[in-house]
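The feature signal peptide is assigned by Swiss-Prot to 1-18, with sequence analysis given as support. Annotation source Swiss-Prot lists N-linked glycosylation site at Asn73, Asn120, Asn216, Asn332, Asn437, Asn670, Asn784. The region 'Disordered' annotation in Swiss-Prot covers 174-204. Taken from Swiss-Prot, the feature region 'Interaction with gL' covers 259-323. Residues annotated as transmembrane segment in Swiss-Prot: 804-824.
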Amino acid sequence: MGNGLWFVGVIILGAAWGQVHDWTEQTDPWFLDGLGMDRMYWRDTNTGRLWLPNTPDPQKPPRGFLAPPDELNLTTASLPLLRWYEERFCFVLVTTAEFPRDPGQLLYIPKTYLLGRPPNASLPAPTTVEPTAQPPPAVAPLKGLLHNPTASVLLRSRAWVTFSAVPDPEALTFPRGDNVATASHPSGPRDTPPPRPPVGARRHPTTELDITHLHNASTTWLATRGLLRSPGRYVYFSPSASTWPVGIWTTGELVLGCDAALVRARYGREFMGLVISMHDSPPAEVMVVPAGQTLDRVGDPADENPPGALPGPPGGPRYRVFVLGSLTRADNGSALDALRRVGGYPEEGTNYAQFLSRAYAEFFSGDAGAEQGPRPPLFWRLTGLLATSGFAFVNAAHANGAVCLSDLLGFLAHSRALAGLAARGAAGCAADSVFFNVSVLDPTARLQLEARLQHLVAEILEREQSLALHALGYQLAFVLDSPSAYDAVAPSAAHLIDALYAEFLGGRVVTTPVVHRALFYASAVLRQPFLAGVPSAVQRERARRSLLIASALCTSDVAAATNADLRTALARADHQKTLFWLPDHFSPCAASLRFDLDESVFILDALAQATRSETPVEVLAQQTHGLASTLTRWAHYNALIRAFVPEASHRCGGQSANVEPRILVPITHNASYVVTHSPLPRGIGYKLTGVDVRRPLFLTYLTATCEGSTRDIESKRLVRTQNQRDLGLVGAVFMRYTPAGEVMSVLLVDTDNTQQQIAAGPTEGAPSVFSSDVPSTALLLFPNGTVIHLLAFDTQPVAAIAPGFLAASALGVVMITAALAGILKVLRTSVPFFWRRE
């Protein structure tokens, strides 16, 4: 290719990377395999013509910009002479896997363009001085094509011909945010640095971890060396091909994907490359480099002005952030604002926990429940915070040389939980298509850590009785994300949910943070098998029971209290000293089969329990509705219903009823009750009486059969039984609903003590979850499809008379009595003959 081309390649790579390469140079394997294929280079053996490449026609832009220069006068006759070199150009042959049948394209690229100079600029003079060896930089753009390991990928892109990854750079060039780093606050004004190991603190090997270390996880330090991936040489290639490849020292990767979205974050020393793509929005890319580094755009070589730097906010004291995307100022303003916010996250702190706390709060933001379907702006913000938390975690761990056990387990658990929420709640992913992986640990160390954690999980379940430790055991299984870990803790998790339900029926409080946390991870453990394929019969039965009990725990009062608790916690969290951890505020409603929590009656109940504040009523109502919608959206996994409640999604005649379930009650292993606002064409249907005609309720008993029928609900004061030992009510469900169409509760009758309460009827003055002061109707749903109206548990409306009205009425009676007495006295005086005796 000529000495000039070699000279340009040396200059470009020498300036960018010194004498240190972050890749291994390899010979093209096709060339080695094709040494014996020289006869195929003949284009036409009859006439003896040699193989010749195609060249672009200079008269047909835009590809004509890469045509051979006129001074070479390359023609069909002169091409075989191989006089292709021209001092001011680099020539490149681009072909496909069909080569040599596909002769390829011979392209010419101006050297001035590769050097980032104007087209008419003069080339630098050759130098005989060898470049000085320097320590490899953390980030170095690899300009040029010679020895570039991704040159073929770059050349196959359309970036130089017809495509621009950033059509509107001005839209993505924006001022720095209010909370980003400044000279006086190089880590951000709201940054709370992560804890550092005390001087002389011991670094524990993962193979020696025991339950004592779990008890003291916040003071147990693990050495970074050997635990996290050591920085390794890596070439990062922008998927949009909008900038030159970048040589970095990689430290790991975070990947989140599903059937509707893909997020990939590549971490390096002082570097992050984040790509967010969705089916419903154009892709976006964020690149973080050291403050003094610049990444140039790859553009059309025919442009009069050389491409400038990538767009983004101005550089800060530590980093410079570049933002790439096809959004323009004419596009959706909320999407552009979300991308700008994502571009500011890397400079807003160094503590991974702050970003995870903000991501949880973002999930419950005002627009979280505003609409159905994918919401790209919310997904970008959530995944931007999630990726930045990993960036902060890895950087802090390498900087401190150690990481505490609580931070390691917390980051792995919360990032996995948030990944699921972002995928299902913002991207619209099918629940069984979500995958997530954080590869920041050394592969060997990861295997050792997983083996040790698996052993600790078994030890916790065998020896410990503490609810907090059992919750930690379920969390460890959630972190391990392996079938063996889930199977090991599933029996304990199912027993815990049963125990919490017994406490709830007994009227005891089950709303402490440790209870919420235990319920969060126990529910996740029992629901997880459906992601790995078809669940076994035992797994399906456990999951169905956990879903039924979660629905029973989610009464209307609990739903309203959950809404109030979340609002209070979100208002209190400053994401600095007070963080918002969603598992500590987890509600059984989010793990239930209740999909009616965003209906108006529940919103009014939640508003009625709201404490007095200065928040305007309209804002409070919007927040309440957003939280309720998010809870409903969080719980509604269609794939989960198909896996664990298949009778509810069974198709008859190739079609399923287009009716949205409001509540599902899996009452046996193969039958469920479903509450809807419209009748279903199959199953045993009941129309609930005494309900507002504008919000009717229908109750249907479903199995896998397609027959349909209707029945009337039989009314009884109490359930009469012949056998006092076994009343036959265990397994039934007690359901209460109001005239407004609100289902207040669906309570499982799971023990003998519970069925005795139902048989005895309500006791006046004795509080019970089966009683209510609200006018309502009580039903008993049996596993065989029979439904009974329990008259004794009905609450009838009582006429409420105001005290003022009673006082006025009493005064009126007195006045009327006095008036009558006066009239009688007048009559006796005026008509004396009425009183004479004959």
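Numbers here mean position along the shown chain, with the first residue as 1.
A Cβ is built for glycine as well, from the same backbone N, Cα and C atoms used for every other residue.
A quick note: this is a predicted structure, and the numbers were derived from the prediction, not measured.
Structure with Swiss-Prot features highlighted.
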residue : record                      : contacts (Cβ under 8 Å, 6+ apart)
Asn73   : N-linked glycosylation site : none
Asn120  : N-linked glycosylation site : Thr112
Asn216  : N-linked glycosylation site : none
Asn332  : N-linked glycosylation site : Pro377
Asn437  : N-linked glycosylation site : Glu253, Leu254, Val255
Asn670  : N-linked glycosylation site : Glu647, Thr703, Ala704
Asn784  : N-linked glycosylation site : none
*Which three-state DSSP class does Asn437 (N-linked glycosylation site) fall into?*
strand
_With Cβ-Cβ distances below 8 Å as the criterion, list the same-chain residues six or more beyond the ends of the region 'Disordered' (174-204) that contact it, or say none._
213, 218, 220-223, 312-314, 316-319, 340-341, 343-344, 347-354, 392, 396, 400-402, 404-405, 407, 575-577
*Write out how many residues of the region 'Disordered' (174-204) are helix, how many strand and how many coil, based on DSSP.*
0 helix, 1 strand, 30 coil
*Helix, strand and coil residues within the region 'Interaction with gL' (259-323) as assigned by DSSP*: 0 helix, 34 strand, 31 coil
*Could you tell me which three-state DSSP class Asn73 (N-linked glycosylation site) falls into?*
coil
